[in-house]
Structure formats: structure tokens, C-alpha cells
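Before any comments, here is the structure.
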Amino acid sequence: MSEEIGKALQSVVERVNQAAARRPKVTAGRQGSSRSPAAVAAERRVVKGEEAVWGRGVAAARLVIPHHTDARMKNDSCFVLPQTLPSVPPRLVAVSKTKPPEMVVEAYRQGQRNFGENYVNELVEKASDPLILESCPEIKWHFIGHLQKSNVNKLLSVPNLFLVETVDSAKLADKVNSSWQRIRGAGVQRLKVMLQINTSGEQSKHGLPPEETVNAVKHIVSQCSALHFSGLMTIGRYGYNLTLGPNPDFQMLLSRRQELCDGLKLPVEEVELSMGMSTDFEHAIEVGATNVRVGSIIFGNRDYPNSAANTPNPSPMPSPAPSPEKTSKVVSEEAAKKMQHLTVSGH
């Protein structure tokens, strides 16, 4: 088991770093993120050919598009590059749901520190496991599943809880804020949270409508003193065909981040983007993801036991919405081919 996890994790880390290296580079131009919407619109250009220029005159920022970038990405009229791409490697979150503590410990021994779980009960049980507590003192737990207000107190009791990625309303933010203050005390460090956006508009998906992003973040920043707003998160539509062009859900999240930063005068580099999973994390990184959630290609495909805590429906496909990691078993082969076509270097 240890050798398999080690090799799989090393492969994913290498792919993460390679994807980050393929990001378009800003070689000159103005810095800063607090520009007006009109200025932003004036500076955006559709990528045509080998490079795109944002801005006007000698101060224009020139974006060099790598030669091996897929031609559809260069020429697609919907392709919008973020105005500031992260300068640091994205964070890899190893999604360990349904996997035993021994696998978490092995990945930790290989250098992995950030782990994600979708179900509150499973995270509470796993994070409190004596083996993990003893062997993984620096572990950082991410909660990446739907959070109900009735489970907030239970979630916030998790040792080494690092980031809640799925706050999807101002009311939920208020609940998390008050509970964190009560459970952890006034002097404790603020809890990092992300706002989940339903970029695909599917009723089966959780998340805030994109048009409510700015107001919700404004509420968190101004009214939730115990929370630290870290960024935006999306799941998006499953099985998107990358040969059609850049993932529109990722493009939507990029757009909402820019709108958010312009409206609230937030530095772009301080607003993370959590997007991308096992079948599309490389593409997500290339267009600006700072946090990717990868599970099955590290730990293997999952068996979902009948459990009232985790899977109310014994069917392999949960209700109401299928898990991103569960569907990867169906689309992984096809998506891997598309990702290879999109991301393999021509060097």
C-alpha cells in the first residue's frame, strides 16, 4: 500500500507543478488589482495567436502563451485569462474520503499535508483517530462537502481544521462565525473559509448563485470577525469536454473573482480559487486555480459502504448530487485523454 500511494502522490505532485509551469506569464505591465470595471473591460483581449496584449500604449501587459497550449484555448472567444496568475505552486488537497487512517498516514509520510473530506461525521472520526493524531501533527483538514447548519458545531470541533471550503450563504457564514467564537474562544486564530459558487447553475449542485458573490463576501468580511475569507470554490459540471475549449465553470469563477476584487478593493492574489479535481485539475491550474482537490488518482477508486452517516442511499451514486470523485471512475479515461491533449508539453 505504501509504495502505491507514494508513487501515485509523487505523480500527481509532478503534474501539479508542470501545470503551474504552463501558466501564461505576465512579462511586463502594471501591477495591482483595484481597477474600475471599465478599465478591466478595456484591458481584456481575446487570445488570438501567440500572445495577447492587455492595456494600451507602452504600459500594456504582454501575456506570452506557451506554444504547446491547445489551439482551441488560444482561439476560443470565451477564453479569458486572469489578470494576475498566482506566482506560487497551487495547493494540492488529497481527498481521503472513505479511505482508512493508514492511507492518510502514508500520504502524510510522503510529504502531503492538506487533506479533504466531504462528510462531517467521517472527518470528525478520522481527524480524531489516535493513529492520525500521533503520526500527523501538522495535518491540515479541509472540509469540501455540503455543510448543514445542524452540523456546524460538530465540524468546528475537528482538530487541525484548516479551511472550510463550502460556505454557501450569509446565514451559514453567521452560524460558523458564532460557533467558532463560542467553541474555540475569543483569542483563537480566525477560521479560513471559502465561498462556494454554483457556477453551472444546476439544481443538484450546492453553492451560491454567481450574481450574489460580491454581497456574500462583503457580509463575511464586514460581519464575521471570527472568519478569514480565503477565496472562492466551485465544483462545476461533471465530465466537461475540454476539446470544446476552456471549462466555462472555471471561467465563471475567474470572472467573479475579478468582479469581487474590483468591487471590494481586494488584492487578487489574496483571493484563492478552489477548482479542479482528478479529471481536470491540470486545466484548472493552467487557468489560475490555487487549490485543487484530488482523490481517486492518489488513493484509488472508492468503495462506498452502507452508512447512515455518509451515504444515506446505498447506491454507488449518492443523492441528491453525485460526488465529483465518484464520477471520476466513469469519465477518467476519456477525460485523461482530453487533458493529455490539452496539457502535454511540445518540448
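Glycine is no exception: its Cβ is also placed from the backbone N, Cα and C atoms.
What you see is a predicted model, and the numbers here were worked out from it, not measured in a lab.
Look at TrEMBL and you will find 313-323 tagged as compositional bias 'Pro residues'.
The annotation compositional bias 'Basic and acidic residues' is assigned in TrEMBL to 326-337.
Annotation source TrEMBL lists domain 'Alanine racemase N-terminal' at 89-301. Mean model confidence of the domain 'Alanine racemase N-terminal' (89-301) amounts to 95 (pLDDT, 0 to 100 scale).
Feature annotation from TrEMBL assigns N6-(pyridoxal phosphate)lysine to LYS97.
The region 'Disordered' feature in TrEMBL is assigned to 20-39 (among others).
Feature annotation from TrEMBL assigns region 'Disordered' to 305-347 (among others).
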Count of other CB atoms lying within 10 Å of the CB belonging to LYS97 (N6-(pyridoxal phosphate)lysine): 23
